[in-house]
Structures are given as structure tokens and as C-alpha cells.
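Contents: one structure, followed by commentary.
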Amino acid sequence: MQTVIQNPNWWRRRNKLEKSLLVSLGIMFVVLATGFGLWIGKVLRTSPPSNPQATALHGDSTTINQVPTGTASKGKSGDSGDVCLTQECIHTASTVLRKMKPEVEPCDNFYEFACGTYLEEENIPDDKVSISTFSVISDKLQEQLKDIITAERPETEPKHFRLPNLLYKACMNKTLIETLGPEPITRVAERLGGWPLIKGDSWNADDSWTWQEQVKKFRTAGFSMDYIIDFSIGVDLQNSTKRLIDLDQSSLALSREYLVKGFNETLVTAYYKYMVDIAVLFGANRDLAKTELLLSLEFEMALANISWPNEKRRNSSELYNLRTPAQLQAAYPYVQWVDYMNALLPEGLNVAEDEMINLSVPSFFEDLGKLLAKTPKRVIANYMFWRIHGFSVGFLSEEFRKRQLQYATALSGRQEQEARWKECVDIATSSMDEVCEDDFDSLGISVGSLYVGKHFHKDSKANALEMVNEIRNVFNDILDEVNWMDAKTKKEAKLKLHSMATHIGYPDEMLDNEKLAAYYAKLDIDPDKYFESFLGMNIFGTDYSFNKLRLPVNKTDWVRHARPAIVNAFYSSLENSIQFPAGILQGHFFNAQRPKYMNFGAIGYVIGHEITHGFDDQGRQFDVKGNLRDWWHPDTQKAYLAKAKCIIEQYGNYTERATGLNLNGINTQGENIADNGGVKESYIAYRRWAEKHGPEAKLPGLDYTPEQMFWVAAGQTWCAKYRKESLKMRITTGVHSPSEFRVLGSLSNMKDFAKDFHCPEGSPMNPVQKCEVW
């Protein structure tokens, strides 16, 4: 249930639309107050293009699961007398109407129909690269987190609740940050051997420098270890109860998709200019910086060119290549592997002779040896030190941050830096993915504990779990109905489906002070040392992750699911689990006090999406226990791949107008399969709920059937506006289709959508040829 802050002065908090709808009571077509009246009058005078009679549903009595209405249900959802006039229904109607453009024919472009006014009237703030249904909730959540973090916490309070406050204060101390200038990073860099570009000819005078030793020093100091070789502790894909060392291709500062194009790509040019300008701010000679950093950039381009593209990394079996230390040494002798790995592991952990190490992309390591052999040490060192200096810029004084903003503008279109308090809230609550495993969330666990205690209603867990079970049952029945699966594969799919663990809201352990105290025992933050404290957090997180190497994987570990204050949802192939944090169980996505068609169209869609991820092109590679295993009969797999190919080609043929770019059907196929399956499953689940509980009332001012409103809620889930630069990046590097195509692609494949809106066969939203995986 959405958190509602009680306020006796309720009327003053209503907007004009809500006041008008309330005063009008049962009147479906209302006239709003000045400023909004003409627009809404137009909306309310415009009948939907088709107004079919809804299917009669069983039962007309109000149950505890139904929203109370202003009039008794007559048992026919198309009856305009059934209107919900509660406070929450009026607010919901207002929100829906502000986004819709009902004069658009839904069978032509449902995204414009559901989100057209939102797209025309909403403006992207200068400090953002996009706005969306998600960002509205995230902004509200950010303000709630600010209140939590800025609250005074005396020394008597547990340390784990004071740590976020200390980091926030360090971040907000702009006076000290400006006074220090570049000193925080230059002091550390000098201790690490110095940036050759800055040190000049005195660098490496004894010719003893090696990139391996530099990586070890970076690890000790709290920087990333992944600039040459990505080193992490992961889960054994074929035995997900064990952990192992995972070696992968290097982490790049600019996406591979851009770097491989060289200077033909404008963003590569922007990146190069940024490198040079930042180096000059640190004291480098500009001409020398241009020369030396060009060589370093060419080295990074070479790293990109020997790396695998995302399209090739979707097959997990291709990324699973176990080697012993001896095999590594024989194949890639340019690194003393045992010494290298031991130096990166925490004290007390050492690589055994029979240790099985996963080499994600063997061809990368073969090519890397050749690249390193022909690249001068100074070029490699300049590149590595550029990376840590580039990482540090956001923690430094304003002259550095202004140049960073210019680069961000080229990259994503952002026009201004966000308010300092927003940045500091994010720093104090978010994980650093660059150096920490996914199950480490810096101070987000501490802040999340305070957040759920103050803002999350426990009833929301039960409501969401009920929907999960209903939608899971629908997927089970879909498996029964598909005619392209053999019986054995279908049985395994059902077993995987019903074994899928569900994590909703937050783990109870988050509220246990003893567990929190133990988790944060080794972490300290100095409010007068912002950058150093952040590096300390990185060391803490890396040690936490690496110390798990010899420990069995606990798939229900509370720490892995202790990220409640985010607006997102997750599926884990290795856990075979779905997760819905507290942050998404509110706002557009869920409210127990509004009609169910709105909840099924929003959070129900998300639930179905995450369940379906277990059976998308990547999730299907893992079995019921989360192990990488081929459990598909060859004929069934062939049929699946043909269906997935239809999705790939459908989305790959979409062209985004603003950028002129075609979508990447391969990289987005997993999300697209999940969208298509998720909305179908949730729709069927809603129809079953309605058959059991009877018809639901309409929302005031919205003369649509409950089924049509389900689709409106689903479409408005993806209302979003992007800056052109951000959209280009999303299409080029992302796994999600732009919002417009998430709606058009999935709903145009739905026969029920076409039926509910009476779309003629062959219309844009009811093509003759449809794609369907599940």
C-alpha cells in the first residue's frame, strides 16, 4: 500500500482537475477550472474511437479487495454509472488524464494515445538527461532520503546510521573541497608512482614499472583493478553454490561501441578533448598532453577492438571457460598469474594449485598479450593514471566539475549539474559498480533500513506477493498451452517457474541493528576527507566481496536483497529469483486504494516482466537451481530460437526518429521478450481476478472499459522523454528499447489489445504478422 501522509487540510492539496472531478461527483464529462478547463474539456468531450460493450463479469458485490465506489456496481463495466469517486480514484484519474492524448487513434499509435500530452507538455530539467514515470517516483524518494540523511544523529546512535550522514556532510562541504582543489587525487597519485604526463622524464627512471604492480597499488588505494583485466569474484555458472575468480576483458571509460569507430565517432573526439583538458587542469603541458594522451587513447581503442561486443556476450556458455593457474600460465605467460591474483585477494586468501578460474573471453587474453608487448610502458601508465584521475574529477573543485559537465553534455545532453544535495544523497546511498560486486551497496543498506521503517507499509508486501502468485499461475497455464515445447522441457520449465524465489520490499534482517552493526563494523568515514573516505568505502566493498571466495553461496543472503530505496525490479538467473524493492511499490506502479486494472497494468506488468526474464534468451540458459545447463530438447530449442528471431527482427526494424538509428534487436531481445510476456501474463491475471470479484468501476472522466484502462496503465508505465544524446547512447549501448517501442512493440503483438480497442486487422497496432515467444 502506498504511504499516505495524513493532512487535515485535504482540499487545499487537490489540483484543479481533482477539485472539479470531486465537485462533479458522478458526472463523467466535467469542466475544469481556469487554465486547465479547455484542455480537459477537450479530453472529456472526446469519446474513445471505439466504445465496445465489456464482457460481463461474475459478481457485483464489493469485497475487501475492491475499491469502494460512489455508486453500487451494476455488473457491467461499460455502464457509465459505475464511477469510483474516492480520493485515490480522483487523484489517479487526474494523473492518467494529464498524460493521455485521447484524440489520437489508439489503433494507430497507442504510445501517443497513452502519453501524448505528457510528451508535449513535460520538459526535461536542465540537470537531467530524461524524465519518465520512474524518475517521478525516484525524485520523491530522493527527497525522502535527504530528510533521513540530514537528520541529526547524536553519537549515541549506532554507527551504521551515522555513516551516511558523515559522508553526506563531507560531500556538502564545498568550502573545503574548493580549498583543496586537485590535492586529494594528486597526493594519492604521487604515492602510487605518479602520472607520467605530470612527472615528466623523472617517471620510471629505474625502468622497474609494470602494469601488474600498478594494478596491485590501485587495489590497495581503493581504485578499480579492471583497467587492463577485469578481476572479480563471481559465482560458478555451472555450480551456483560455489564462487570462483573470474577474469574478463577490461573495463573501458567510453563504451566499446563508440571506441571501435575511432575518430569517426564524435563522442570519441569529445572524450579525447576531455582527457587533454583535464590533464591540463592537473598541471600538464597542453601540447605534451595532446601527444601522450592520443597514444593512450589509441591503446584504449585497441583494448576495445580485442573485446567482445555485447551481442556475443549473451551466450553464457561462451563466457564459461575454466582454467587452472598452470593452464593460465602456459597460455598467457605475460602475467605471473598466481602472484598477481594473490596480491589482489585479501590477506589470508591464496590461489590454490587446483583452483578453477573462469576466463570469460579467452581470445581477449591472447590478443592482450600481443597488445601489451608492442605498447610502451609509458603509454600504458598514462592510460591507467588518466583513468584514476578521470574517476576523481567529481570529487574535486568546481573548475574540474565544470569541464566534466561539458563532457557530460556531449555524452548525454545534460545541461547543468544537478543540485549539490541531490548528488550528495546519491553518493551517500548508492553503490559504486565500478569496483564492487552487485551484492555490495555501500551505505544504501543503512539508509534503506531507515527508509522502510518510515515510508513502507508492510501490507504492500502481501498485496504484491498475491499478484506474483496470480501472474505465476498464468505463466504456468501458458506453458500448458504452448504447442512447440516437448513434455520434458515443459516439465523442467514449470519446475523452474514454481521454484522461482520472490523478494518483496526488503529483508527483515535490515531492521536488525546487530546485523547492521556487524556488517558496517570495519567501515569508517571522516567528514573532513571526502575523497579518501570514498576510496575507503571502495576498499571495504571490495574486501567484502573478495572475502566470500571460499564461502558457499547463500542465495537468500539478506545483503543481496537489501536495496529497498530504488525504483526498479530484478531477476537473477543464478538465484532463479525475482526482486521488487520497496521503492517501486508506490506511485504509478501500485496503490491498494485504486482499481485493480491500474495495478495489474503497472506493477503487474513489471512482475510478469521479471518472471519472464527467467525464460528469455539469457535466463533460459539456466536451470531451476540457477546453474548454466542445457535443459532444452533440440527441437524445442529450435522452435524457441525461431520465435526469438521474430522479436529480434521486429524491434531491429524500428527506427527512432530523433536520432535516425535502428534499434539493436539482438541486444534488446531479452528485455523485449520480457515485455511481451509480462504484459500478456498480467492482462490474463487481471481478467481472472475480475471474473472472480466482479466488474470494477471506471475512473471519473475516463469512459473506457476496465480492459482498456489496463492497457492505458501499461502504456503509461513507459511515458518518457529523452535528450537526443541520451537516446543515442541508450540505443547504441543499452539492453532496453526506448520507451516508445517498448509500448508499440509489445502491445501490437497482443491479440487481446486489438480486441479491446477494436483495432482493424492490418492497422499499426494490429499487424497481421505478430511475434510471440510466451
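Including glycine, each Cβ sits where the backbone N, Cα and C put it.
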Bonded to C646 via a disulfide in Swiss-Prot, from among C424, C436, C771, is C771
According to Swiss-Prot, H609, H613 bind Zn(2+), and the residue from E532, E656, E671, E691 that belongs to that same site is E671
Of the candidates C84, C89, C107, C424, the one Swiss-Prot records in a disulfide with C171 is C424
The residue that Swiss-Prot pairs with C759 in a disulfide, chosen from C107, C115, C436, is C107
Checking the disulfide-bonded residues C107, C115, C171, C646, C759 for other Cβ atoms within 10 Å of each Cβ, the smallest tally belongs to C646
A 10 Å Cα radius around D675 (active site, proton donor) captures, of the disulfide-bonded residues C89, C646, C759, exactly none
Looking only at the recorded positions C171, N173, C424, N554, E610, C89 (disulfide bond) has its closest CA neighbour at E610
Fewest neighbouring Cβ atoms within 10 Å among the glycosylation sites N239, N264 goes to N264
Note: in the chain of C424 (disulfide bond), residues six or more apart in sequence with C-beta under 8 angstroms of its C-beta are L167, Y168, C171, M172
Across every protein chain in view, the count of C-beta atoms other than its own within 10 A of the C-beta of C719 (disulfide bond) is 25
Students should find that the Cα atoms of C771 (disulfide bond) and N239 (N-linked glycosylation site) sit apart, in Å rounded to an integer, by 34
Recorded positions C107, C115, E610, C646 vs N305 (N-linked glycosylation site), shortest C-alpha separation belongs to C646
Simplified to three states, DSSP reports N358 (N-linked glycosylation site) as strand
If you tally other C-beta atoms within 10 angstroms for each of the glycosylation sites N173, N315, N358, N653, the top scorer is N358
